[in-house]
């Protein structure tokens with residue numbers, strides 16, 4: 001982890017525009033505020049591009065996408081590309097229905113993501129590697145390194161395959177992160193909020209591999225730290241402690 | 001309570017598709033994850049039926065319904081009926097406006113619910129028994145047994161009237177549940193999340209009366225358990241403890 | 001603070017209709033329930049006016065407004081004006097995009113708000129006082145008294161400029177509130193939920209200046225009380241304690 005990246009986020013409070021799913025909006029906003037960046041979530045087609053142009057980073061998450069919202073994502077993405085700010089695409093459940101598959105294809109036809117992040121099943125689908133999915137969840141094991149590598153190559157982007165070990169791949173290089181906690185799989189939106197934290201880290205002037213690795217490692221350490229609090233007895237009590245932990249210094253998290 | 005039902009949910013992690021209201025999406029998802037099932041919430045008309053066809057159960061909750069979302073509910077409901085998976089209808093605030101009354105009528109014209117659940121005022125409205133409502137809340141007392149019985153008969157379904165005592169009625173039989181805690185009336189979405197837990201229980205291969213009673217009893221016991229934690233001082237601190245309690249074994253809840 | 005106002009809310013449980021943003025719906029509903037009023041959030045154009053006609057107060061918050069939702073706000077606002085119930089307008093991020101600026105203008109052309117509340121940047125924009133904004137956040141200092149005074153005069157309303165010191169202005173009189181805590185700026189929707197609590201206080205039969213001041217002061221004191229709990233270590237653990245504190249008696253909050 002590169003502590004400078006965390007520090008820079010907190011010094012600059014980057015504004016991260018979210019076109020994200022309705023299930024996680026509150027959690028993502030609170031988590032990102034605690035981390036030290038500023039969320040905005042403006043979904044109207046009439047303003048999605050304007051808001052992206054005012055922002056420092058853009059997160060596109062298709063978790064509860066409707067046909068009406070797709071143009072907002074594309075216009076915000078194009079505005080972000082034009083301005084040169086980072087764009088993170090989280091293709092939630094892309095393999096689950098033809099609607100999602102087509103929507104992600106439409107986005108990728110018009111928007112160049114800085115990072116594509118998702119679980120193994122989602123990213124496998126983007127490069128036509130067979131994978132079993134259930135709803136928006138990915139199940140089973142597979143070669144995450146290969147999936148990440150193919151996504152990075154095919155979409156000329158940085159790819160992050162999240163899982164017990166997160167795999168980050170760009171320009172032929174591969175990085176791994178093992179921090180994290182099983183509670184993250186028992187709360188909704190853990191992957192979505194990682195997308196927010198990642199977008200914030202991408203606004204700093206550092207190498208993209210370090211930014212992605214720092215986001216993933218910090219996030220997982222925050223989960224480990226929260227899970228160790230004495231009053232955490234399940235996913236419900238984990239949540240407030242996790243939000244708290246996202247505000248801590250990396251050094252505090254490493255001590256646990 | 002039939003502990004096997006809880007155990008089976010946790011062994012199979014059924015995928016429950018939700019077309020539910022925006023106020024409770026995050027709470028319902030976290031509560032259902034903690035309970036041991038998997039939520040998915042895909043509202044686009046283009047995929048609502050596909051997602052229902054991939055799911056093990058479907059919950060329709062009209063709390064923040066719009067005219068645009070109604071076709072998604074009907075198509076998902078029809079797909080679920082075709083596949084033979086359980087469908088729970090929660091007609092939130094059905095008596096409050098003509099729009100809601102008509103929407104529920106439209107759903108019931110095309111979808112056969114396995115269970116209709118709601119408070120006394122909502123279910124009374126479905127069978128034209130006079131009742132006073134205030135917004136989406138039901139107030140006052142009445143003969144909940146009679147309401148449940150008429151709903152079960154008229155809609156050829158299992159009816160659950162929630163309240164201080166929950167009444168379950170199907171095939172002329174009536175069951176009652178007295179577990180619960182007053183905090184459930186001080187948080188938003190308590191009835192909505194019960195709908196999610198109930199849908200998960202309906203995916204098990206047991207008698208429907210036992211499934212419904214187990215869901216209601218487990219849910220109420222979880223609330224009682226949470227309310228007894230020493231750090232619970234109001235509805236805010238109740239919430240994380242309640243999410244935790246939904247993950248416990250029935251035996252732990254019965255001990256409180 | 002006028003304790004009678006709080007007591008009357010709790011005696012009457014006023015029904016507050018919300019057309020508010022998706023980020024804060026759950027938090028606003030839980031906070032308002034804890035405070036002692038009843039939330040309803042019905043956004044369909046087909047029922048927004050009906051629901052407002054059944055309610056005791058109306059909150060319009062444009063945080064995630066879409067073009068499709070604007071008619072619902074206007075129709076609900078007109079119905080509330082006709083019925084004579086209080087209407088609070090929270091023009092979230094009004095200066096951030098032309099879409100928001102026009103939407104608020106459209107609302108104000110057709111609806112007479114009882115109170116307009118917002119941060120200094122938002123209210124400055126309404127009266128064309130220059131101000132720097134970032135997303136939906138207002139940054140920098142300025143003459144909040146002057147802004148509030150101009151909004152009150154131009155829109156013939158009571159104006160509340162929220163900030164470290166809240167400024168309330170109506171009929172040429174100005175009131176100030178200094179209660180509050182920095183955690184309120186680290187959670188999403190703190191201003192939005194204040195709007196809900198305020199709308200509830202406006203349903204009591206007291207002078208509007210006292211209603212507004214009581215809402216702001218009680219809200220800030222609840223935050224101070226929550227922040228002092230021994231298990232609050234950050235914004236995540238602050239949230240449940242804050243929801244709890246909103247249910248307390250004013251006398252308990254003043255003791256902290």
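Along the chain as shown, the residues are counted starting at 1.
Quick reminder: no glycine exception, Cβ is built from N, Cα and C everywhere.
Curation does not apply to TrEMBL; its annotations are automatic.
Taken straight from TrEMBL:
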BINDING   A:41, A:189  substrate binding site
BINDING   A:117, A:162  ATP binding site
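Structural mapping of features recorded in TrEMBL.
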residue: A:41; record: substrate binding site; contacts (Cβ under 8 Å, 6+ apart): A:17, A:18, A:19, A:20, A:25, A:29
residue: A:117; record: ATP binding site; contacts (Cβ under 8 Å, 6+ apart): A:88, A:89, A:90, A:159, A:160, A:161, A:162, A:191, A:194, A:195, A:198
residue: A:189; record: substrate binding site; contacts (Cβ under 8 Å, 6+ apart): A:23, A:24, A:27, A:28
Binding-site residues, contacting chain C; criterion Cβ under 8 Å; candidates A:41, A:117, A:162, A:189 | A:41
CB-CB under 8 A to chain B: among binding-site residues A:41, A:117, A:162, passing residues in order are none
What kind of secondary structure is residue A:117 (ATP binding site) part of, going by DSSP in three states?
-> strand
Near the Cβ of residue A:162 (ATP binding site), how many other Cβ atoms are there if near means within 10 Å?
-> 27
Under DSSP, is residue A:162 (ATP binding site) helix, strand or coil?
-> strand
DSSP output for residue A:189 (substrate binding site) maps to coil
